[in-house]
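Accompanying notes for the structure given below.
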């Protein structure tokens, strides 16, 4: 017995001590992989800055984005007084771009959130129950996929009427099938796993299996796709506003600003350049952030 205890103590003494700060949780592993991606980190910082600017835009903007008019500097280019210049009505473009970030970002995020919520629910039902549920939901998705996203959004806005709220609904509708297919595919794979069969064998209800076991397994894919989809939604919302179907003047939405700038693009190109640059940088940042999240959450994809 003493010999056994002596050997046991020797083994315990030989084992390295693991300090609490050396234990790597999934979050630590994710952060370790993500911070190595410099482009994704830069994009994340830009997105955070954009969100802060969007929240406090009306306090940060040096001039009123809708009711300030400088009639002495119509269509003047960038200057110390007006960093991005002035449009044909004397409005400060820098202030309008800042406030436009609030509107464009909100439209993109809310549209994707609605599409993700409905699409995730439909994808879970289609993948888990299969049968006629699967066939019905996927046929509806096929019909929606048959139309280009922007064309479908135009059709929806034509029925509902113009306005930023209807643009959000329109963009959300063509986001639904994309999320539904993504979640359905993940659900079909997860439902075959042993832990799902174990949960069923102990009497877990379908709702419990879906919400406690399958849905968490799809979260990483949803987060990545959600992030990248925001850029698409911002472009779609701006396109609808550019066509006169979205935000209406004098609302400082980026697409609406481009619509107003069309008549002056030759004599005052800066009126269109800065809204375009804002859209480009925002969409690029969300796409790079989505790529970084994908590689950090599932490094096997990168390999």
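Yeah, the Cβs are placed from backbone N, Cα and C, and that goes for glycine too.
Feature list (source: Swiss-Prot):
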type	residues	note
TRANSMEM	40-60	transmembrane segment
DOMAIN	101-290	domain 'ABC transmembrane type-1'
TRANSMEM	105-125	transmembrane segment
TRANSMEM	144-164	transmembrane segment
TRANSMEM	165-185	transmembrane segment
TRANSMEM	222-242	transmembrane segment
TRANSMEM	266-286	transmembrane segment
Legend entry - Region pair the transmembrane segment (222-242) / the transmembrane segment (105-125), three or more CB pairs under 8 Å: yes
Legend entry - Other parts of the chain folded back onto the transmembrane segment (40-60), taken as Cβ under 8 Å at six or more residues beyond its ends: 34, 98-99, 101-102, 105-106, 281-282, 284-289, 291-293, 295-296
